[in-house]
Amino acid sequence: MSVQQQQVDLRRTFAIISHPDAGKTTITEKVLLFGQALQRAGTVKGKKSGQHAKSDWMEMEKERGISITTSVMQFPYNDCLVNLLDTPGHEDFSEDTYRTLTAVDSCLMVIDVAKGVEARTVKLMEVTRLRDTPIITFMNKMDRDVRDPMEVMDEVEEVLKIKCAAITWPIGMGKEFKGIYHILDDEITLYQSGLGHMIQEKRVIKGLNNPELDKIIGNYADDLREELELVSGASHDFNLEEFLKGELTPVFFGTALGNFGVDHMLDGLTKWAPKPLPRKTDLREVTAEEEKFSGFVFKIQANMDPKHRDRIAFMRICSGKYEKGMKMKQVRLAKDVKIADAVTFMAGDRSNVEEAFAGDIIGLHNHGSIQIGDTFTAGEMMKFSGIPNFAPEMFRRIRLRDPLKAKQLQKGLIQLSEEGAVQVFRPFINNDMIVGAVGVLQFEVVVQRLKTEYKVDAIYEAISVATARWCTCDDERTLEQFKKKSGDYLALDGGNNLTYIAPTMVNLSLAQERNPDIVFHSTREH
């Protein structure tokens with residue numbers, strides 16, 4: 001087996017998806033703790049003490065306690081090398097989260113057992129369905145008062161249309177939470193509260209019928225045995241093939257805050273989650289084992305380091321090997337670039353990379369020439385597909401407090417739009433800058449970042465825009481006529497793509513009727 005093949009086999013690249021406040025950032029901390037990446041997990045609760053969660057590093061995130069940008073963290077666990085992509089949990093950041101899900105091979109779904117399946121989880125699961133991504137489930141907060149675990153598993157099956165296979169099962173809940181039974185290993189791990197910040201010495205009892213169990217947890221032992229009979233009747237057996245097709249999810253229980261049950265889930269993930277999978281391009285399918293390098297950019301993050309005022313393009317390597325100083329082709333521009341200083345991340349802490357393999361995420365320094373969706377190869381002119389832009393759902397006009405800063409405003413907005421934080425439209429008929437987003441919080445982020453990173457003081461005004469559509473037409477003359485006729489409603493986006501800005505949905509319908517040869521797109525591939 002070649003060194004490259006060995007390296008590919010080691011890798012597991014996954015993202016965590018959940019509804020806000022289900023405990024995603026906490027579980028990220030604990031996963032890193034097990035990966036020895038953090039000695040003491042900086043729980044999100046310790047905000048006032050200045051001990052911020054490692055994966056929430058942007059100013060606004062530190063203030064609010066929400067993960068806005070996607071962090072990437074790599075750590076070793078169980079003879080595997082795990083790449084964890086932390087996605088924004090806040091519902092206003094669905095586009096960024098969506099794109100991150102194009103860069104992973106599996107997902108960990110975190111569910112708050114007190115609340116069950118929530119809206120955001122449903123939306124994210126729809127996205128994973130597009131590529132049938134394998135899903136592992138962690139039922140969180142068992143040390144709180146929660147709903148009946150069986151009921152929540154039924155809800156997952158019914159709402160998310162995925163079979164559940166219980167791998168572990170909780171003993172008690174809330175204040176009476178006693179531990180976890182591992183169904184496949186036939187062993188009980190006993191829970192001790194107050195030790196969430198460290199890796200605990202495990203107290204394990206072998207065998208469900210061990211009399212030791214009755215001694216330690218009393219009547220809970222009989223309750224557990226009864227429950228497990230019900231579970232074996234109602235739950236599905238774990239089937240690796242169904243899991244890899246995205247049809248069945250292994251379910252683990254625990255408490256991320258109490259750092260309990262997380263290791264069971266990690267064991268399952270490293271054992272069952274797929275190694276780097278093949279990827280489609282416009283020409284062919286690329287496998288991770290191929291020797292020649294290829295990768296695509298799924299995110300651009302501005303100013304990760306205020307000291308460096310730079311931008312980093314996050315690239316998922318799909319095949320081959322990155323080596324320091326290597327040449328690669330940037331397909332969109334058909335030009336060769338030498339990459340001498342790619343970085344890996346530990347959420348804001350960087351280290352330079354000597355080599356990286358398929359499944360790894362590396363950061364390229366970007367001075368404006370790299371865009372989301374860019375493909376880099378060893379020379380082949382192919383493009384990875386499936387990294388979409390969505391038409392925004394909310395719009396604002398942006399105004400300067402100081403008119404002399406117009407140039408800085410334009411530069412800042414174009415950079416932020418290339419990064420995918422927001423979409424920018426410049427109408428044909430005036431000098432307005434219209435900003436489009438998927439949620440309100442994105443607007444706040446943009447104003448704050450314009451201020452701190454570009455020294456531009458800007459405010460928003462309401463604007464009557466219902467939606468935007470990208471316009472294309474195969475016939476150049478028809479397109480030119482359309483531009484003349486509909487100029488009042490047309491704009492260019494940040495990438496200079498022609499866009500129809502509709503004041504109402506009725507207006508859009510009429511425009512589509514009157515211009516049957518023009519295609520109005522609600523999504524656009526990067």
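Any Cβ shown, glycine's included, is placed from N, Cα and C.
SER18 (GTP binding site) falls within a strand when secondary structure is assigned with DSSP. Residues or ranges marked as GTP binding site by Swiss-Prot: 18-25, 86-90, 140-143.
Look at Swiss-Prot and you will find 9-277 tagged as domain 'tr-type G'.
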### Least Cβ-crowded entry, counting other Cβ within 10 Å, from the binding-site residues listed as ASP21, LYS24, MET142
ASP21
## Note on the structure
Within 10 angstroms of the C-beta of SER18 (GTP binding site), the count of other C-beta atoms across all shown chains comes to 24
